[in-house]
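Here is the structure we will look at, set down as structure tokens.
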Amino acid sequence: MMMFGKISRQLFSLKKIPWSCDSRYFWEWLNTVFNKVDYERIKDVGPDRAASEWLLRCGAKVRYCGHQKWLQDYNKLPGGSVDRYKIQAIDATDSCIMDIGFDHLVGLEHVERITLCRCHYIEDNCLQRLSQLENLRKSLLELEIIACGNVTDNGVIALRHFKNLKYLFLSDLPGIKDKEYLAEVFTKALPSLELKLNLK
């Protein structure tokens with residue numbers, strides 16, 4: 001609730017809101033506000049709580065270590081100790097997450113699975129940024145990228161840096177032009193990876 005209050009204040013403090021622009025520009029601008037990283041908040045509540053708030057605010061779901069249920073309702077975020085709930089899985093299907101929010105993931109140490117499905121703001125630079133996160137490089141085991149139209153071969157190739165990755169599913173990615181080359185890159189970089197391609 002406190003986070004939404006802060007966002008509301010940011011919205012109302014702006015001198016000029018782009019109402020005159022088309023709605024697509026407005027929504028992109030609003031999604032940028034939702035993705036903005038509040039480093040003080042991360043310090044106050046810890047990386048897992050702050051990342052949970054960001055992901056749920058953007059329409060994604062999280063699952064915590066030791067829990068079977070996914071959490072999607074921002075108002076049902078658990079309270080208590082900052083060390084109690086650790087994100088184990090992220091499902092960003094139909095969410096508005098974008099690269100400027102990825103600093104929320106820096107302190108996460110237990111994320112084993114990520115699904116990026118129909119994420120309109122996921123581009124090559126997002127995947128490159130993901131592959132630079134040291135903690136994620138160690139913990140991530142499964143990754144699915146589905147129907148993210150702005151992803152190309154360049155972004156996917158960066159995923160070879162996830163040395164512990166066991167499963168990678170790529171589907172409905174029209175920006176990928178050379179799936180044979182991708183398969184070759186991953187076979188060489190990650191020989192134990194189960195790579196599933198559903199690409200044209």
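Every residue, even glycine, has its Cβ placed from backbone N, Cα and C.
Feature list (source: Swiss-Prot):
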type	residues	note
BINDING	Gly59, Thr93	Mg(2+) binding site
REGION	1-61	region 'N-terminal domain'
REPEAT	62-87	repeat 'LRR 1'
REPEAT	88-116	repeat 'LRR 2'
REPEAT	117-141	repeat 'LRR 3'
REPEAT	142-173	repeat 'LRR 4'
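When pLDDT values are averaged over the repeat 'LRR 1' (62-87), the model yields 91. On its own chain, Thr93 (Mg(2+) binding site) has Ala60, Lys61, Thr115, Cys117, Arg118, Cys119 as residues at least 6 apart in sequence with a Cβ closer than 8 Å to its own Cβ. The helix, strand and coil residue counts that DSSP assigns across the repeat 'LRR 1' (62-87) are 3 helix, 5 strand, 18 coil. Gly59 (Mg(2+) binding site) falls outside any helix or strand according to DSSP and counts as coil. Taken through DSSP, the repeat 'LRR 2' (88-116) splits into 7 helix, 8 strand, 14 coil. Counting residue by residue with DSSP, the repeat 'LRR 4' (142-173) contains 9 helix, 11 strand, 12 coil.
The repeat 'LRR 3' (117-141): residue composition by secondary structure is 15 helix, 2 strand, 8 coil, according to DSSP.
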